[in-house]
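Shown next, in structure tokens, is the structure this report addresses.
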Amino acid sequence: MTQEPTSLLPVWARTPTTRRPKSRRHQLPISSGAMEEADDHRPSSSAARPFLSGLWAAALRRKPLGAHPGPGAGGEGLVRHLGVLELVLLGIGASIGAGIFVVTGTVARDAGPGVTISFVLAGVACVLNALCYAELASRFPAVVGGAYLYTYAAFNEITAFLVFTQLMVDYHIGAASIARSLASYFIQFLELIPFLKGNIPSWIGHGEEFFGGVISINILAPILLIILTAILCNGVKESSAVNTFMTSLKIVIVIIVVFAGAFEVDVSNWSPFMPNGFKSVVTGATVVFFSYVGFDAVANSAEEAKRPQRDLPVGILGSLLACVLLYVAVCLVITGMVPYTLLGEDAPLAEAFAAKGLKFVTILISIGAVAGLTTTLLVGLYVQSRLYLGLGRDGLLPSLFAKVHPTKHTPLQSQIWVGCVAAVMAGLFNVTMLSHILSVGTLTGYSVVSACVITLRWNDKGTSRRSIGSMSIWQEGVLSLVIVALCGFIVGLCYRFNYAIAFMVLAFLIAVAATFALQFRQVYVDPPGFSCPWVPLLPIISVFFNMVLFAQLHEEAWYRFVILSLIAVGIYAGYGQYNAVPSGSEHSAIGYYGVPSEAL
């Protein structure tokens, strides 16, 4: 049964309209007659509808699958300019930064030449997530929002807002940290000029601490952020051109480095291939997994892709596979050039080439590192502004963020806000110290997106299976997904702290039981467009592995997840539930539906 969109205001605050028949009990939207009755019997504001019940009703709202964005607040929308090549380069630009010249060598110090297998395993795990993103990007080809949007459609409003806050903290801290790294690399590149070496003050690019390290001044990082923000504000065509040039330059440099190093490879350095055993290879995979993060940025360009339903899956999967090939090639070269025990910590690849007398390659590596960090920062700022645009349209953030410039066709206010936040953080604080609490938002987003693929495939009305007790089939499925996630986290804890193998086996068996429930208790339908294979098994494996990785994060990252979630709930309770609107703009056809009857 089609449900009526519901207002996000409390019942007593809604404007009465013409009387209609009351909705059936299982529908979350409240009829106009009920609104009038609530208005007639409304007590004083202190005795109005209970706050918690109103919050609960608002939190369970969902966005329908057929939602399409209306024009921005200024009457204009984003422009479709990105082709499949631009989308692939967008994903590569977001994923490969300076880390390809550093993390490959640092992980190889522990895993040996087996670091190649680490990157392959991490790449396979990311492919699982990428397949889930590809299906949802094809299913929502015309709406900006990425993981936030998918969660809004599959689960509810509060979960979508929680995913946004976790992602946004990662993006804000990450942008400031990358900007400081870019400034430092840029200064190192300038110091290749003899008369500048050692004559550039540390407060310009490397950072100079004051007040016992509380403040760390860096002048160049905010300047770089202002330049990139100006490029992004000028239009997606211009920013895409910059990203295409810088990413192409980066790819060419990596290929040159690989070919130059291939002639210096000594195959005897690959033996033994896994000197510290397979566990070190698996541990390396958990570390390098985050080197692939960035392909999900393609999903946030849905409203600016020329043929989103076809090109977004190609952009997501194509960029990820290209990154896997580049990382594996660099790993084989660096471990073949010198014994893994002799690799340096700070710049292992550059040191390896310097040891072979190929110093010109080290200059290329420095150029590649600057290009890599530039594209990573550029795409990161781009994605943030589109996420803010999505929430601004939905009313979960002030309408200022929903505005699109009438001639530039960019979310100007959102982009400037994102740039200012990153500039202040990069200019005043050594945010690299917070790197250990990052990746929480990424893993949260990946896990929830994988779960979204499963829930959006459910055909609850097509099943004749009876629910267990008072629990509906929909609720039973969500509970099974939660069990899989918790079991993955427990297995990760057992692996990390070397707990008894029995606990790990028990958690794994419980996850298998939940998987059977998802496989045989639910009815699945094929989606339009690109289809993720082996649903629900593949998304379940993705959720499980993501939570295993979540358990490997720093303990402070777990505290950050809990504290930030509580803060997000408070913001939503005080602002979001009252200001979210049934449509992104008065011209939009977006409606927000209550949780389906099958879930009640």
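First residue shown is number 1, and so on along the chain.
Cβ atoms are placed via backbone N, Cα and C, with glycine included.
The shown structure was predicted, so the numbers you read here are calculated from the model rather than taken from an experiment.
Among the features that TrEMBL reports, compositional bias 'Basic residues' is placed at 17-27. Annotation source TrEMBL lists domain 'Cationic amino acid transporter C-terminal' at 530-579. Per TrEMBL, region 'Disordered' is recorded for 1-47. Positions annotated as transmembrane segment by TrEMBL: 87-108, 115-136, 142-164, 210-233, 245-263, 283-302, 314-340, 416-437, 471-493, 499-518, 530-551, 557-575 (among others).
A contact between the transmembrane segment (87-108) and the transmembrane segment (245-263) is present, since 3 or more of their C-beta pairs, 6 or more residues apart, lie under 8 Å. Per-residue confidence over the domain 'Cationic amino acid transporter C-terminal' (530-579) averages 94 (mean pLDDT, predicted model). The transmembrane segment (530-551) makes no contact with the transmembrane segment (314-340), as judged by fewer than three Cβ pairs under 8 Å among residues 6 or more apart in sequence.
Across the candidate stretches 115-136, 245-263, 471-493, the maximum count of CB pairs under 8 A to the transmembrane segment (314-340) is reached by 115-136.
Residue counts for the domain 'Cationic amino acid transporter C-terminal' (530-579) under DSSP, helix first, then strand, then coil, are 39 helix, 0 strand, 11 coil.
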